[in-house]
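Chemist: Sharing a structure with you now.
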Amino acid sequence: MGEEVDRGQWGRQIEFVLTMVGYAVGLGNVWRFPYLCYKNGGGAFLIPYVTCLIILGIPMFALECAFGQFGGKGPLSIWTVNPAFKGLGMTIMATSSIVFIYYNIIISWGLNYLVSSLTSRLPWIDCNDCACLLYESKNVTEDELERMKFNNTLGVVCPDLDPNVTLSPSEIYYKEDILHDSGTITEIGDVQWHLLLGNFVAYAIIFLVLYRGIQSLGKVVYFTAIFPYILLTILLVRAAMLDGSLNGVKYYLTPKWERLKDATVWSDAAVQIFFSLSACLGGLIAMSSYNKFDNNIMRDAFMIPIINCCTSFYAGFVVFSTLGNMAEIKNVNIDQVTEQGPGLAFVVYPEALGKMPVSTLWAILFFFMLCILGFSTQFSAAETIMSSVMDEFPKVFAGRKSRQIMFRICVCLAAFVLGIPMVAQGGQHLFYLVDEAVLGYPLLFVGLLEYFVIIHLYGYENFSQDIEAMLGRKPLFYFKATWSVLAPVMLLAIIVYTAYNGKEFEYPWTGLLYYLIVIFILMWVPVWYFYYTCRNGAWQMMRPEQAWKDRRLLNPKQQGNVENGVTQEGLRYSSEGLQSHLGEYTVHIEANSKSDPEKDLEVTSSKPSIQMEEIARYGVENAAYLNSETAEQQNQKEVPTGVYIP
């Protein structure tokens, strides 16, 4: 019997819920969602966002969680449901690995802000540059402007002073002190050692938390998932007291209906739903695989996405209240307050913090929260990557803790090295390019292919029976409608629209890099499919392996008169019960295909054996591993090999 890596299990079900909330509620809720609202007309973005949550978000979340819980494996090894599409698991792993690399850069920014906050006066409060000299000055006359060019608080000459072109101190601090921005991706510049160190510290923390695997992660999430809500509430109360905050909230909630005609808004909403819920990145499958087989996963699949999206909506009030105040100070429209981009949060939030009493304390708490949000996502992402590879190679890692720890170290070190270009002076522009490449076509294609493989090839009825085996009931009609029709059609429409409109690039080579990233992520699906079908035949794509079907027999709640056993009707037998049941039949356990047929083991009621004990201990699912014949050899036989119960 093949030895498997000890995957562990959640200590309590609340640990799973908090981990999934922490995995889904991350930096994307704090910086990416407000940025997309700002980019797409404020309230206009909320309508497609909620629509995509209902049609795409909740169904995809439920699909991946139920799939992972039933399969009991990570995204790389779970494809016994359709072995020809194991390349989809490889694509998911490629996507998750790239996100794992560049997502850590944001944590590095947050760690640097956290260290910078350990002062009596925050460094982004005071203006130390000509660009912010007029930031809080209103109705400046020509005479005052000319005088300030040569006689100002900075003690330097500012010949280009312009009241219509001004930056806040927080913007300048972000660009010049944190990033040392070169201004373009073509000038990658020097590595910024403070960011490199922050990146290294972040990976060191990830390793220290995960060196014991899922058991240590389950304990950390009690703090990481709850603390951010406390800080967001405090910031919201303070931001609501600022001048102009109401105008920001109105901009946030008032939809510009004409923006709904722009398909880009819908595409951004769909991608943000996938990114925000961490769908199609493997984490939902991996984290759900540690659940008990009979956990009510469909309940969790409704609850967690709604919590996640409400968090995004809640964080938006903090951002737009502060934007309203910044617009009041600058005397400009809200959509002209600051440059658009994911770095928006590293401008707006520090601005709000600088206006709070005891600002140093709140800055420390906020950036600590920001790092916690990033880590809560990274912990799950890292565990997804690590556990998936260890599941795939059990002979290398099973029972070898030292190898598992060394592998975790190697994953963190490799990600750290690959992320070095993004901590250079032009690194943020590379960061944005990779972010757009990964969170565009790949996520949408992965979602569409998951629906195709699980719902259409494997079949909705089969998958609903799998869910019934876990929960005792089939999924709601809502899931049948969204899984079978609505979600795939909407995804396909967004993909076609995005492809039709194309994408413009400032430099040709950046476009080439963009599409190379997309190709690298998606190529594993056709490569594996042709490799597998050439060896096993195209018909295999339609048939799950027997090990997948046998998992329907694992629910301990569906038991009959005999405890702890299994029958085709869902009965679960004890060791003695299963042995007596099998005693009514002759059960053949074939050795391997090379063994002497005369030595094949025959088990009867009068001759119980070691193999019988193995069957009783591990159940029908794992007893299937006693047979070492290939799937192709099994399919050629009229009577299945392994354990056969008439």
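Each residue, glycine too, has its Cβ placed from N, Cα and C.
According to TrEMBL, the protein has these features:
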{"type": "BINDING", "residues": "Gly22, Ala24, Val25, Asn29, Ser276, Asn308, Leu373", "note": "Na(+) binding site"}
{"type": "DISULFID", "residues": "Cys127-Cys132", "note": "disulfide bond"}
{"type": "TRANSMEM", "residues": "16-34", "note": "transmembrane segment"}
{"type": "TRANSMEM", "residues": "46-67", "note": "transmembrane segment"}
{"type": "TRANSMEM", "residues": "88-111", "note": "transmembrane segment"}
{"type": "TRANSMEM", "residues": "191-211", "note": "transmembrane segment"}
{"type": "TRANSMEM", "residues": "220-241", "note": "transmembrane segment"}
{"type": "TRANSMEM", "residues": "269-290", "note": "transmembrane segment"}
{"type": "TRANSMEM", "residues": "302-323", "note": "transmembrane segment"}
{"type": "TRANSMEM", "residues": "361-385", "note": "transmembrane segment"}
{"type": "TRANSMEM", "residues": "405-424", "note": "transmembrane segment"}
{"type": "TRANSMEM", "residues": "439-460", "note": "transmembrane segment"}
{"type": "TRANSMEM", "residues": "481-500", "note": "transmembrane segment"}
{"type": "TRANSMEM", "residues": "512-532", "note": "transmembrane segment"}
Chemist: Against which stretches of its own chain does the transmembrane segment (88-111) lie, if we need a Cβ under 8 Å and a gap of at least six residues from its ends?
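Modeler: Same-chain contacts beyond the flanks: 27, 31, 75-79, 178-179, 195-196, 198-199, 201-203, 206, 280-283, 285, 342, 346, 367, 370-371, 374-375, 377-378, 381-382, 384-385, 388, 415-416, 418-419, 422-423, 427, 431, 434-435, 438, 442-443, 446, 449-450, 453, 517, 520-522, 524-525, 528.
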Chemist: What is the number of other Cβ atoms found within 10 Å of the Cβ of Cys132 (disulfide bond)?
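Modeler: The Cβ of Cys132 (disulfide bond) has 20 Cβ neighbours within 10 Å.
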Chemist: Which of 16-34, 361-385, 439-460, 512-532 has the most Cβ pairs closer than 8 Å to the transmembrane segment (405-424)?
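Modeler: Per the Cβ under 8 Å count, 361-385.
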Chemist: Tally every other Cβ atom lying within 10 Å of the Cβ atom of Leu373 (Na(+) binding site).
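Modeler: Taking all protein chains shown, Leu373 (Na(+) binding site) has 29 Cβ neighbours within 10 Å.
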Chemist: Are there residues at least 6 beyond the ends of the transmembrane segment (16-34) whose Cβ is under 8 Å from a Cβ of it, and what are they?
Modeler: 10, 65, 103, 106-107, 217-218, 221-222, 224-226, 228, 272, 275-278, 283-284, 287-288, 290-291, 295, 300, 303-305, 307-308, 311-312, 315-316, 319-320, 342-346, 348-349, 370, 373-374, 376-377, 379-381
Chemist: Return yes if the transmembrane segment (361-385) and the transmembrane segment (269-290) have at least 3 CB pairs under 8 Å (sequence gap of 6 or more), otherwise no.
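Modeler: Contact between the transmembrane segment (361-385) and the transmembrane segment (269-290): present.
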Chemist: Measuring Cα to Cα, how far is Asn308 (Na(+) binding site) from Cys127 (disulfide bond) in Å?
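Modeler: If we compare the Cα positions of Asn308 (Na(+) binding site) and Cys127 (disulfide bond), the gap is 37 Å.
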Chemist: Sorry to bug you, but what's the C-alpha spacing from Cys132 (disulfide bond) to Val25 (Na(+) binding site), rounded to the closest Å?
Modeler: 34
Chemist: Do you know offhand how many angstrom separate Asn29 (Na(+) binding site) and Cys132 (disulfide bond) by C-alpha?
Modeler: 29
Chemist: Write down the Cα-Cα distance for Cys127 (disulfide bond) and Gly22 (Na(+) binding site), rounded and given in Å.
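Modeler: Spelling it out, the Cα of Gly22 (Na(+) binding site) and the Cα of Cys127 (disulfide bond) are 36 Å apart.
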Chemist: Counting across all protein chains shown, how many other Cβ atoms sit within 10 Å of the Cβ of Cys127 (disulfide bond)?
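Modeler: So the number of other Cβ atoms within 10 Å of Cys127 (disulfide bond) is 20.
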Chemist: What Cα-Cα separation, expressed in whole Å, is found between Cys127 (disulfide bond) and Leu373 (Na(+) binding site)?
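Modeler: Taking the Cα atoms only, Cys127 (disulfide bond) lies 30 Å from Leu373 (Na(+) binding site).
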Chemist: Return only the integer: C-alpha distance in Å from Cys132 (disulfide bond) to Ser276 (Na(+) binding site).
Modeler: 34
